[in-house]
Amino acid sequence: MAINIVFGIFGLFVGSFLNVIIFRFPELKGVVSGRSYCPKCKKTIAGYDLIPVVSYINLWGKCRNCRKQISWQYPLVELFVGVLFYLLAMVFEVNYLLIFYLLIAAISTLILVYDFKYLEIPEVFSWLLTIFTILAAILSPNLSLQNFLLGGLIGGGVLGILVGISNERIMGSGDIKIGLAFGVLLGFERSILFLFLAFFLGALFGIILILFNRRKLNSEVAFAPFLIISAMICLVWGEALVNLYLQFAMI
């Protein structure tokens, strides 16, 4: 339990760093150079105001200098990554494979938030995700070559067909890379669950937006966030969910 909490706290700080990347990447600003500053008043933020989640709560979600509202994105991303790191450390042994899973979770969070905000996925993010998922799949002792290939075929193939049929109106090539990456990592059975959950979550979100008049039927909605959320669910609980389904199917 203690080591899980350590990883969770570490995840909060990783989430804080990911926020910096998401904020600076579109304008190609230095990611690792330069101090953090308020996007409204440009005032440099002191170190004691950069503690993940805690500083946001302490400042009531406002800049200490200009008192303008700070985006909810910052604490939400920090909490999301913190919880992810905690869960991954709880489910998997602390070894080299866990490091790959943590890297995959961090890159996935970048893609989730970036696509949600800007409706695009930078190539560097999707390629990094693909590389690390393939490496993790190769190093995994529980994933056979056949399972590896079938998962990639399901994850990337289904989305590739949909992109081709819709002429990229529903989703783009970046979504194919995500499907392929997680298909390889999750294997055949969990890849089917991965796609089912992604489409279910995407449809549910779209229906809610339409019901509350936030989107029209033909409005563009980022699909990568649902792929990422579904993939994280399958990575942590996928095996248990598949086994649960098989138990009910046999009744």
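Cβ from N, Cα, C; glycine included.
Curation plays no part in TrEMBL annotations; they are all automatic predictions.
Annotation source TrEMBL lists transmembrane segment at 6-25 (among others).
If you look up TrEMBL, you'll see 9-92 marked as domain 'Prepilin peptidase A24 N-terminal'.
The transmembrane segment annotation in TrEMBL covers 74-92 (among others).
Feature annotation from TrEMBL assigns transmembrane segment to 98-117 (among others).
For the domain 'Prepilin type IV endopeptidase peptidase' (103-207), residue counts in helix, strand and coil come to 90 helix, 0 strand, 15 coil, using DSSP. The domain 'Prepilin type IV endopeptidase peptidase' annotation in TrEMBL covers 103-207.
Residues 96-97, 100-101, 103-104, 107-108, 110-111, 114, 148, 151, 174, 177-178, 180-182, 184-185 of the same chain lie 6 or more positions beyond the ends of the transmembrane segment (124-142) yet place their CB under 8 Å from a CB of it. Summarising the annotation, TrEMBL assigns transmembrane segment to 124-142 (among others).
According to TrEMBL, the transmembrane segment annotation covers 148-166 (among others).
Packing against the transmembrane segment (178-211) from elsewhere in the chain are residues 104, 111, 121, 126, 129-130, 133-134, 136-137, 140, 143, 147-148, 150-156, 158-160, 217, 219, 221, 223-224, 226-231, 233-235, 238-239, 241-242, 245: each is 6 or more residues past its ends and has a CB under 8 Å from a CB in it. Annotated transmembrane segment per TrEMBL: 178-211 (among others), in sequence order.
Per TrEMBL, the feature transmembrane segment maps to 223-246 (among others). Same-chain residues lying 6 or more positions outside the transmembrane segment (223-246) and placing a CB less than 8 Å from one of its CB atoms are 84, 87-88, 91, 101, 104-105, 108-109, 111-113, 115-116, 121, 170-171, 174-175, 178-179, 182, 185-186, 189-190, 193-195, 197-199, 201-202, 205.
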